[in-house]
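Right, one structure below, let's go through it.
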Amino acid sequence: MKPRRVGMSRGYEEMDGANVPRPPGSTAAAAPGVDPTVGMTANPASPTAASGTMLAGAAPEFELASVSVVPDDTYTVTQAVNALGFGWFQVKLSLCVGLCWMADSMEMTILSVLGPALHCDWGITRYQQALVTTVVFLGMMLSSTFWGHLSDRYGRKPALTLCGVLLFLYGLLSSVAPSFGWLLLLRGLVGFAIGCVPQSVTLYAEFLPTKQRAKCVVLLDCFWALGACFEVALALAVTPTLGWRWLLGLSAAPLFIFAIITPWLPESARYHVTSGQSDKALNTLEQIAKDNRRPMLLGRLVVEGPSGSRGSLKALLGSSLRRTTLLLWFIWMSCAFCYYGLVLMSTELFGGKNKTIVDAAGMMADDGVSADCQPLATTDYMDLLWTTLAEFPGIFATIYVIEKFGRKKTMALQFLFYAGCVLMITVTEVRVFLTIILFMARGVIAGLFQAAYVYTPEVYPTALRSVGVGGCSALARLGAMATPYIAQVLFQSSIWSAVTVYGIFAACASVACMLLPYETRGADLAH
């Protein structure tokens, strides 16, 4: 096959292995009937369409069977990903990223079980229970921007590899913590490593064709829901007999598997292009073509748009992105505040029904069990499992709504629906009705979180995508840090006050969604 020719295209930057900049005033003659998005000919009657591209000494039939073409013999990563479509490459990546997402979910879900278990085992107070949750999110908040910066500077793959190793190490060490202080430190380090997990969504989104991107990113939440359900089932099987230490140790197993498979993760072709490594980007695109059994595009791979400041937090607050960034920070903070608040409130609602007084308040009984202990019974775990399963219908409903109404309206409607559900908690104490209300609220807030994960990578340019997602994730952890003191402390004294706080935050976030300046439905990832 003929080597790629040096093409010329206005508006692209010069890079190794790419085209030479077009002189000012010159024009490009695009082949008639060519769709630049997918790189396939649309007018079979034209001479160019009939032969793919006019290559000396090459039979037209051979060129049609072996290559796809784009005008001027140049193409971008966006065009390549769209032309190569969704196939086996994306399926493999979905499983790898899904495992990372599942492990993250397990480490988050365990917080709703760990607090009551430590209260019974070590006699910790309500504020100490909340601190166990807060320190994890503190680590996540402090590290999110760090991981985003690292991913934009050195690549998504090295950051995720380091994340997998650290998560497994700190998760396993948490199971042998000798004291409450050591446990807090190790769980904080777990949170620090978890701060990198959103970068797996960034990597995943950058390999998805435009038409499938929203559906696939939302479907990724199936792995989160699966991890949450698996953690509740594991807690039911392990905690009553073996205790919370075994639960922490066994929960680190998926992290070990993810750490092993990270060397096989592909690096983002968009990252390679924007960092000037066009040869590596071409190798990745050729691997996609091979796995998806599609012909590789013929031409030069070019940079799509100016590279700008890679990994710059300051650029997120520039004039063009300031409003979007500030609104997204508040939306993500509210989303995490509401989601994890509901998870913790569910445990309080169900576990509170089994309250037993063993001895004087604040003292330890003779058998080592804390006074005022509230162990979760089998029925409590089953109810937690049912409410967790609500994430699956919430995911599929979001897939339909997000494509029909767009990202902004979907998130706004979901925030309002969540506010209505949590306020209904105060009108009934019947366990069945509470389970149904929590089921609906859990489903809608889970879908909302994924809608935010769809919108955010779409609205930021490639050079700022990881740090943009990382910044949003950091602010989300700020909301998650505050939520234990509402869901576990304030909730015990006044249910009405606690749910009102969540309702107000959800309503304000709904307004913020509508104020976002851009709707990204049907658009390519920003350059």
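Keep in mind that glycine also has a Cβ here, set from the backbone N, Cα and C atoms.
TrEMBL annotations: computationally assigned, not manually curated.
Under the heading region 'Disordered', TrEMBL lists 1-34.
Taken from TrEMBL, the feature domain 'Major facilitator superfamily (MFS) profile' applies to 93-521.
Taken from TrEMBL, the feature transmembrane segment covers 127-147 (among others). Note on the transmembrane segment (127-147): residues 107-108, 111, 114-116, 118-119, 159, 163, 180, 183-184, 187-196, 198-199, 313, 336, 340, 344, 466-467, 470-471, 473-478, 480-485, 488-489 of its chain, located 6 or more positions outside it, place their CB under 8 angstroms from a CB of the stretch.
Look at TrEMBL and you will find 159-178 (among others) tagged as transmembrane segment.
Beyond its flanks by at least six residues, the transmembrane segment (217-238) meets 94, 97-99, 101-106, 108-110, 113, 201, 204-205, 208, 246-247, 250-251, 254, 376, 378, 381-382, 384-385, 388-389, 391-392, 395, 398-399, 402, 446-447, 449-451, 453-454, 457 of its own chain at Cβ-Cβ distances under 8 Å. Marked as transmembrane segment by TrEMBL: 217-238 (among others).
Among the features that TrEMBL reports, transmembrane segment is placed at 244-265 (among others).
Per TrEMBL, transmembrane segment is recorded for 326-345 (among others).
Marked as transmembrane segment by TrEMBL: 384-402 (among others).
Residues annotated as transmembrane segment in TrEMBL: 411-427 (among others).
The annotation transmembrane segment is assigned in TrEMBL to 499-518 (among others). Away from its own ends, the transmembrane segment (499-518) comes close to residues 323-324, 327-328, 330-331, 334-335, 337-338, 341-342, 408-409, 411-413, 415-416, 418-419, 422-423, 425-426, 455, 459, 486, 490 of its chain (Cβ-Cβ under 8 Å, at least six residues beyond either end).
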